[in-house]
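Here is the structure we will look at, set down as structure tokens.
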Amino acid sequence: MPRSPGTRLKPAKYIPVATAAALLVGSSTLFFVFTCPWLTRAVSPAVPVYNGIIFLFVLANFSMATFMDPGVFPRADEDEDKEDDFRAPLYKNVDVRGIQVRMKWCATCHFYRPPRCSHCSVCDNCVEDFDHHCPWVNNCIGRRNYRYFFLFLLSLSAHMVGVVAFGLVYVLNHAEGLGAAHTTITMAVMCVAGLFFIPVIGLTGFHVVLVTRGRTTNEQVTGKFRGGVNPFTRGCCGNVEHVLCSPLAPRYVVEPPRLPLAVSLKPPFLRPELLDRAAPLKVKLSDNGLKAGLGRSKSKGSLDRLDEKPLDLGPPLPPKIEAGTFSSDLQTPRPGSAESALSVQRTSPPTPAMYKFRPAFPTGPKVPFCGPGEQVPGPDSLTLGDDSIRSLDFVSEPSLDLPDYGPGGLHAAYPPSPPLSASDAFSGALRSLSLKASSRRGGDHVALQPLRSEGGPPTPHRSIFAPHALPNRNGSLSYDSLLNPGSPGGHACPAHPAVGMAGYHSPYLHPGATGDPPRPLPRSFSPVLGPRPREPSPVRYDNLSRTIMASIQERKDREERERLLRSQADSLFGDSGVYDAPSSYSLQQASVLSEGPRGPALRYGSRDDLVAGPGFGGARNPALQTSLSSLSSSVSRAPRTSSSSLQADQASSNAPGPRPSSGSHRSPARQGLPSPPGTPHLTILRGPQSCRLHPHGPPRATALADRAEDHPQLKTPPSKLNGQSPGLARLGLATGPPGPSASPTRHTLVKKVSGVGGTTYEISV
């Protein structure tokens, strides 16, 4: 009989079945050996043939009833019906042919037993159409083996009848010699067969009745359907036909195979067509999967197949450039390169997610602010202080397409930016910027080489220090960078041919757009007049999303309204070009004239406008704006006498080389006519390293007015000069009394002022 998994072997269970098998086989064998030969000679040869066929049929049905699955239902898992085990009712009723049949919950198998199913206490299994558990076959009798059990009873009964009948014939013919061996053995077999014939015949008759009624032994004993109608009966003939001729019911429990299956595994990540040509593979199998020690030798055929059908791999990584090669390229700059005038030491700001790479922007000698038409020697001719060397220079949106980068430049590894010290970051907010304290301290001031001014037609110019290139460590894509991108190809500054324009290059331009067409050199124009409107940005807006386009359009509309307000305010409040003290006019003008997003403008103004420009911390640097507010207050309180002018001129005369012209330190958008010597002038060097104020000659008011009349298109509302408001330019270009104030006989006093972000300002008094 098939054992359920986990059950122990019980020898007592096999005693009845072993006894039945021994009696059956032993008695039949003795009958065929001692009785059948005489019956064959005396009666007929058909007697042993008949008994032999019946005996084989008995053995076959006995074996099937013993070893066949009776129809055991599999048990439910422990977690499958855990909740139903506690909350399920004990019985459930179902309709079978219109009759209510009760199903009982099995606490052992964890399911409701189907109709006519019962749990065997010996086998500990629920059996379909359970009849009884027979100890003589050591198996439950159920739906799948009841047929063979019933046939076993019938055949055994017939075999026992034949053994007893033919044995009796033999004994009657040998009555004189009952003591003979053959007669004694025949009488013993007849006793055994006759002894078990009564119960077997009775059991066979009982099951014949059950089969004809369509019942099981369990239903008959428990009294089911005793007083009612059996819903499972099919009639007498139908029931007999169902038991003997119905197809075999399926098996619900399959025992796991005892022999391990040989599974052929193929190594992963190899194409099947390559395996036939490859050498044998050495594969290690472990409990957690496939651990390959794939020592496979590559054959020529497999390599050829790989060439014909390449694997789906990504593009190969470009070769890396050695550090020495990249450093040598930086040390020997090429003309027109964006990094030609920059030092070898590189610092790169954090790269946003949308950028594929970011060119380095090293620290080192910074180029002073100059006009578009001036020529300035290389960085070797500049002498910078320690503060300017330690400071860092970050550009808001660097150019992504440098003109002279190589294939390896795209993947060059840039070192991280060195962190800023706390003294450089917050020194502007912690120090006093009064001129009284600055007069007690001296500092090294930068001596600039003589600059040469060249004339040219007035044309808009994009400087390398445009408003969109303000120092910014975020490197984000701002609206100003979209509307005011730098030269895509890195235009060279006319004043510094070796330095490329470090403006933002739009990532939406196609690769072929390498630069803008060359423009004529602009000539000097009046500082009080604004430049022409800037040319439209080369940004391709068709690649932008609707949200960005809507924000850009809204920004443009707001700029148009601000431009109209500034033009009206400019017509109402005329600029006299004189140095004025803080008054209500200055405050009103600072509040009415809001700063524009771009378009530098240099105008005369009051002291309060000094701190309004974002380049000196206006809107982008509130801490520096506060520092410069105290600076402007100190400047307004300083006595405007000839002594300050003498000291300023002395500082200009003591500088190595001839004194630079007034236009050399102005914004390219606000270049004015050459001013005669002797007029105090404020020179502002815009950059994260230094900002110096030098007095020079006074501008001619009449010439500026004539210049404004000659070029009415240049007269624009006040804007920013390198990120600063018009008030700062007014402070620097305030007119003073000519004559004795231009005497270069006294020494200058220089004040170093540190701002937020590592910006250093040197103010010469």
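Using N, Cα and C of the backbone, Cβ positions are placed for all residues, glycine too.
Topology note: LYS10 and VAL189 are separated by the membrane (different topological domain names in Swiss-Prot). Non-local neighbourhood of CYS134 (active site, S-palmitoyl cysteine intermediate): ALA65, CYS140, ILE141, PHE149, each in the same chain, at least six residues away, with C-beta under 8 Å from its C-beta. Here the transmembrane segment (191-211) has long-range neighbours at 23, 27, 149-150, 153-154, 156-157, 160-161, 163-164, 167, 217, 220, 239-240, 243, meaning same-chain residues at least 6 beyond its ends whose C-beta is under 8 angstroms from one of its own. For the domain 'DHHC' (104-154), the predicted model reports an average pLDDT of 91.
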